[in-house]
Every structure is written in C-alpha cells, then in structure tokens.
Amino acid sequence: MRVYICHMTYIKKQYFIMITKCTCRNTKLLTSVSLIGLYHKSHLSSLAFVPKCNPATTEDVTRLKEFVDKHRLCVLTGAGISTESGISDYRSAEVGLYARSNRKPILYKEFCNSEVARRRYWARNYIGWPRFSSLKPNITHEILKDLEYVGKVGCIVTQNVDNLHSKAGSKKIIELHGTAFNVICLNCNHKICRHELQKVFQKLNPSMIATAEMIRPDGDVELSQTQVESFNVPACDNCGGILKPDIVFFGDNVSRDKVQSVKDNVESLDALLVLGTTLTTFSAYRIILQAIDARKPIAIVNIGKTRADELVNFRIEGRCGDVLSKIWQLNVSKDFVR
C-alpha cells in the first residue's frame, strides 16, 4: 500500500510541507501535522455566532506574520476563537449571549448558596451537554496546534472551558478558567468526568430529552421553569457534597498556581499573542500587565475593541480564523498542491 505522510519543518523562519512517499506493511503511520489544504476545507467555520467584520487586510496579515516569525509565542485565547465552532460568546454585538438574551451567567456565590440556582444550572447544562461536548475545533485551534508543533507557540493560555484546544491536539495548555469536561465536589474535592455525570443525570431524569440548538459559552441552554423545577440533581457519590463544574464562575478566583504558571510562561517566552477576547475580565487583563512588566511585545486579533488596545504594540480588527489561515498560507511552500 502506498501512502503519503505529511511532515512539517521550520526552516529559516518559513514553514514547509513535504510529502513523502512510502510503502508500509502493517505499520502504524502518524502524521505530524494536518494537510493545510485539506483542513482548510474540512474545518469550515460556523459563522452564525461570529460578529460581522471585514476580511483582514494584506498589511495586517503581513505585520502579524512578521510578529509570529520573530517570536516564540505565549498565546492568550478567548471566546472569540470558539464562535467559529458554533459556541456563542458573551459580549459580541448582535450575536453574543448578552445581545440575544437577558440571561446572565451564573455567579459563584449564587451557585454555592442556592439549591434553586444549582438545579437551574444543571438542568440547562444537561440539555446542552451532548451538543456542546461534540463540537469540533476550527481552523484557529488547528493552526495553533501546528504552530506549537513547529516551535512557534510555547504555551496556550485559554479562558475557554470547551476543551477545543485539547481536541485539536495542542499539548501545552493552561485552562485559566478550568474545563467543563470535569466536575468537582465542593466538599471533598472529588473529581468525576462530565460524561459520566451525564449518565447519572439520564438515570435520574429519564423523561427529559437532552437536545438543544443554541449553546452558551459554559455549555448550558434555555429551559422552561417547569422543566427546571422537575430536574433531579445528584450529590457527590463520595461524600454527599455539592457537585460543581470544574470551571471558574464569575465572582470566583483563578488559583494562585495557575496565575504563577501563566506569569512564568509570559516571562520565559518572547511575545504575547491575544486572540478573540475583549480582555474584560481581570484574570485575562492581568496577563497583559504581566507581559508589559516583562517588556514583551503584544499583538491582538479581535473583532471589536478590547480593554488593552492602547497598551499593545498593534491590534488587528478581524476574525481569528481568517487572519491566522492567511498567515499560515503565506508560510506554506508554494509547491504544495491542494
């Protein structure tokens, strides 16, 4: 059987695709990276939750390409990169959660102190989970993974809880706000997989069908009051305590260990690239301040203004998938046949 393995190398600040013919017999083959032409087609973006914006200019793309070429990056990502996978963000004009609904994300104290609030949260989360957990990485996640492979990305710090960076194959990830794919007991710190909890929910609520269309950034959906009131929520099977998704709710704090880990990576890497975030939360804005203190250059790609626009070296107004794919294509050998 003849196969073609795609290898990528980083040579003289240019990325090259090399297609190697080889013959194998009962041999497991591993591809080092995705074929750029193929995954541009197979990871088509969902634009339903992406704000309207103009395509990135040639000048912007060239400037960011030079920024990437010169530096080994710490990358900070926000909800704006996951909108192209079909997850609504909070703040985008017309298409964000705040623009589409009067609902606000649950607060940490509200979740801890109110059984009603917990039941409402878990009922919505249960319905939204099958779709939320099955969403796929988009071109931004894929390119960041490949930039990590060729040594241009040293660390990804993500505010997202959707696990899409891991699904894409990135290795060095700091999940600043945790992950929706784990659940923790507030009493004994026992952790369980969110998929396993879904099975428990199904047994306790056999008449409720888990289907949903619009997913919020933390994975829940809209439900009627009747549906919420009849929903049964399990306790921790280890101690009987309260179960909470292993994410940082609004009003909660990022752990000191994570804050220090982010700071260490910002200081050890060459520059900070910010993708798809307004930097509204202090946990994200603090990273900008850390980079400034460490005298690191900073670039932002986002649709709409951010909290740090006046503090960074430059900012590009644009969709992350559009901008990064154009940069990547500039760095791919022109001899590669799509």
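The count begins at 1 with the first shown residue.
Each residue, glycine too, has its Cβ placed from N, Cα and C.
Feature annotations, reproduced from TrEMBL:
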ACT_SITE  His177  active site, proton acceptor
BINDING   Cys185, Cys188, Cys236, Cys239  Zn(2+) binding site
DOMAIN    51-338  domain 'Deacetylase sirtuin-type'
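TrEMBL feature annotations superimposed on the structure.
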| residue | record | CB count, 10 Å |
| --- | --- | --- |
| His177 | active site, proton acceptor | 23 |
| Cys185 | Zn(2+) binding site | 19 |
| Cys188 | Zn(2+) binding site | 12 |
| Cys236 | Zn(2+) binding site | 19 |
| Cys239 | Zn(2+) binding site | 13 |
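A separation of roughly 22 Å, to the nearest angstrom, links the Cα atoms of Cys236 (Zn(2+) binding site) and His177 (active site, proton acceptor). A straight line from the CA of Cys185 (Zn(2+) binding site) to the CA of His177 (active site, proton acceptor) spans 17 Å. Cβ proximity to the Zn(2+) site centre (mean Cβ of Cys185, Cys188, Cys236, Cys239, cutoff 8 Å) flags the following additional same-chain residues: Leu186, Asn187, Asn189, His190, Ala235, Asp237, Asn238, Gly240, Gly241, Leu243.
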